[in-house]
Every structure is written in C-alpha cells, then in structure tokens.
Amino acid sequence: MDIDMEHRFLFLLFLFFSFVLKESASKCPYRTDAEVLIFGAGTAGVTAARVLNDHGLNSFKVLEAHDKIGGRIRNITFKGFQIEVGANWIHEAPGNTGSRSDNDNPIWTLARDNQYRCDVDLEGVDVLISGGFTESSIFMDFNNQAQQYETFNTSEIEMDYIAKYKEALKTNGTNTVRQGLNMNNWRPDSPLKQLIEWSEFDFTYAATPNESVVSLTAENDNVNFGERCFIVTDQRGFASVLRCMIANFGDHQDKILTNTNVTSIELYSECVCAEVMGQGRMCGDYGIVTFSIGVLQNWIANNKFKGTSLSPAKIRAITNSRMGLYLKIFVKFPNVFWNISASYTYATNSTKRGYYPVLQPIGASLPGSPPIVLMSVTGDEAMRISHLSKGEVRQEVVAVLRQWYNIENESLLTITNDDIEYHDWSTDEFFLGMFSNNPTTLTIDDKRNLAMPEGRLYFSGEANSIEHGGTIHGAYCSGMDAATEILKRAQGEILHKNYSSYMV
Ligand SMILES: Cc1cc2nc3c(=O)[nH]c(=O)nc-3n(C[C@H](O)[C@H](O)[C@H](O)COP(=O)(O)OP(=O)(O)OC[C@H]3O[C@@H](n4cnc5c(N)ncnc54)[C@H](O)[C@@H]3O)c2cc1C
C-alpha cells in the first residue's frame, strides 16, 4: 500500500468507527421511566408540568435538586417572618406583556385569579408607576451646606432620563446602552443623576448601561414599569403560586421528585437520560432542562451533557449569555427609623455609584411584623459584598444608614450579625447567579438558539424569553412554550405508542 492509499484507508476506517460509535451512542439503550423528564422545579419546570398535565400527557417526572419547588422564588424565615430572598415583585405591566395577553402578566393572574382553585390569592402591596418611576419613591442627596442627607424633588431629572433612555434604545449604530445614552446627551455627571440611572437601569437588569447591549435591551425593555407592580408579602410565600399549580395533579408525589440532584444528562436519538445522585439513571422519551444560564455554563465547562453532544450554536448561545448579580440584604433593627410611607428610599453616594443605593421597608407593611429593611445592590457591588463577612456587611449598612438619617442615638443602630440575612445565589451551585441579562457578547441569534431543542432535549427557563428574560413571567412563558412543542411533536408519535391521547 502506498502512503496515499494508506491514508485513505485509515480515513475510511475512522469514518466507519465514528459512524458506528455515533449510532450506538444515539439509540436509546435503556428502558424509559416517563414520557417526559423535566429537569428543575422552578417556575419554568412547574409550568411545563402543568401544561403537559392539562393536555393529558400524564407520564412525566420533574427532578429537582432542592427540597422544595420554586427555584429562584424562595421564602425563608427571618426573625419569625417570611422573607422572599429571590423574586418578590410581579411586574404587572398591563398591556405590555407581549404575545400571550394584552392585559395581564400571567403571574398576576395566577396570584390573584385563583386559576387552579386552591385559594392562593397572594397578599402584597401595590406600587404605582408613573412615567417610568414608582410614585412612592423618595430620592435623597447629601446637602453639603447642611452637612446631611435631604430629600430632593427629582421629577425633572427622571423625565429627562426616561426620554433620553427611550431614544437611546432606538438609536442605530450603537453597541452598548451607554453609547446610546451618550448619543442622546444623557450625562450622569452628578451623584443624583447616577442614582436615577441606577434606579431605572441597574435595578432592573442587574448590570450597568456600559455592560448591556442596546439591541437586546430594547427587545427586553418591557420587563418592568407598566402602571403597577405588586410586591408579595404573603406569609405563605410567593412560591405558593407554583404549589397551587401542581396541587391538584393527583399523584403529584410521584411526579415531582425533590432532593433529586441530576449530575449529567445524556442525549440519544430516541430518548434523554439523566444520572441522578444516589439513584442511578432515569430516562424519558423527551427532556426539558430548565436550569439557569449559570448552571448550564457550568455544565458545559464540566462536560455534563453526554451522548450526542450539544450543537456549537447552543454552546455559543449559552456561553455568550450572562447571569446578573443582584443581592437582597435584609436587616432587622430594634425600631423603625426610616420612612415607611415610601416604597423605596434611594440615596446618593458621592464616591461610588451603586453603593447601597436603595432601602425598602419590608415588615412594616404588615401589622405586628418586625422592623425589617431590604437593601439591594447589583453588579460589582453585589459581587464585592458577597465576599465580605456578615460582620463587615453589618458595619457598612449601619454606617450608611447612620449618615442617611443623621442618627446620633446609637441604640437605634445596635444590631448583631443575626439581624442580617441574605442568600448568595451566585455561589449556590444550582443557580450560579441571579437572573440573565443582556451582555455585549450576546446576539439575537444566540437568544433564539438558547430556546432551540437539541434532538429530544428542550431548553426552557427565564433566559430563553427574549421579551421577558430575567423575570418569573419570562420563565412561565418559556415553560409553556417547551411543553407545547413537546405535545405537538409527541402527537405525531402517538399512533406508535400507548399513551393517553391529548390535544394541543
Ligand atoms: C434575588 C432575585 C430577585 C428577583 N426578583 C424578581 C422579581 O422581583 N420579579 C420577577 O419577575 N423575577 C425576579 N427574579 C427572577 C426570577 O426569580 C427568575 O427569572 C425565575 O424564578 C426563574 O425561573 P426558572 O424556572 O427559569 O429557573 P429556576 O427558578 O432557577 O429553576 C431551575 C430549577 O432547577 C434546579 N436545578 C438546578 N440544577 C439542578 C440539578 N443539577 N439537578 C436538579 N435540579 C437542579 C434549581 O434548584 C431550580 O429549582 C429574581 C431573581 C433573583 C435571584
């Protein structure tokens, strides 16, 4: 055999073995446990389960690592009171919630309308929005002459920002939101202007205008700020909307498996299997993975998708995405010293944009509840603070509030580390960040590819929603889409299988 022939022979041999290996890897080598395996019981997973169930596809299992359903909707007990360490607001945005309804955020409907007959009717506080800003907000700035913080009327700056921001999203030839703002002559050259910008932009996207791509931000801009928001204070927890969705499943114990940590997913041409910690392998005809972008990025880096590999477009879409950082710090003080009639109190910092910029009274909205405030931080500040000890966070918060409210009576500010609570989603292995946003690395094609199925594995979750990414209603719509796609596809196969019939 000459060298050329030998090369050709080796090449054909290589092709033959690649084909054999690929074929044997893609057929389903195992018995299936359910028609659909849903990975994750956050909003997207629970919604997908509900949709399958409602259409008569009852053979599914939801595999959830945590001991409860809810995902990034989670309440914990703090000082005898339930606080929401994840999502808290229903961004109602009437008439502005995109394709599904002209009127309401679907989560609002779930929370209020008792759609699934389990009396959920969540308690909470309405916050009215006017011209883009919450009506009951106050903005404080440091008055150098008086040497103290004072409330300022910021409506002119607010209107100016909103008008220029709207133009920025329409300005062609720009990459970042910052460039768009610059081109429309928005100059955040004072601490007050920086604060207004933070309250409108960073507080929503958990990123700065400099870090956000204008095109996707424009698509995603109806996340917030309709005419009303609703802050959930219900002591049963916000996640009761999701519990309600599955309450009348019948044998839901069998279908929703909590404490079930999925450690890898295998893709075959005829099924999707998963390795479950301590339980071995489970397989379904289809899979829906609802893990956050942070988790998917981690899975790609650690080769946890096995069998037929994910397409380059999917890998690019996931790795080009980003999870924003948004830290909610709850602090209990001995007494109320803040303004409880304002839903939000914003205050400037002369040296650092985004340094503890906002306070929300939490407990005070319920009679008999302890005096708790919520201080929220985003982006680099959230990252910095999550690396501090609780004692250091306590010292920073106390110093900030002492200055804001000019407090001389130290007993008002005397708290211990136990009086502070926050959940760092960015280091929690089942989330690795708070919610997705629109980094400059991400394109509209990437966004579309995020939601594309890979064979029999469907992808769902808040990040897959172009219009409502980063929200609960985005996750809900995405769960609905994935389940509907599977129902349509499975309908084509139903003649060959012995499942109950269902209609889409
Ligand atoms: C601090 C914070 C504040 C927010 N505020 C708001 C708000 O006010 N309003 C709003 O609309 N949205 C808000 N959001 C966003 C909202 O919470 C999310 O968009 C939404 O809950 C995401 O739902 P999901 O189903 O896509 O993902 P998730 O809720 O992340 O669900 C995925 C599930 O997969 C599970 N999982 C992950 N890995 C594994 C594994 N290996 N094995 C098994 N299970 C696994 C997770 O435990 C989780 O339950 C907030 C988020 C955060 C973090």
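Note that Cβ sites are derived from N, Cα and C of the backbone, with glycine treated the same way.
Record features (TrEMBL):
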- 1-25: signal peptide (SIGNAL)
- 44-487: domain 'Amine oxidase' (DOMAIN)
- Glu64, Ala65, Val262: FAD binding site (BINDING)
For the domain 'Amine oxidase' (44-487), report the average pLDDT of the model, please.
91
Just how many other Cβ atoms lie inside 10 Å of the Cβ on Val262 (FAD binding site)?
23
Specify all same-chain residues, apart from the site residues Glu64, Ala65, Val262, whose Cβ lies within 8 angstroms of the center of the Cβ atoms of the FAD site, ordered by sequence.
Phe39, Gly40, Ala41, Leu63, His66, Thr258, Asn259, Thr260, Asn261, Val276, Phe430
For Val262 (FAD binding site), the three-state class that DSSP assigns:
strand
Compute all pairwise C-alpha distances among Glu64, Ala65, Val262, the residues listed as binding FAD, and give the largest one in whole angstrom.
8
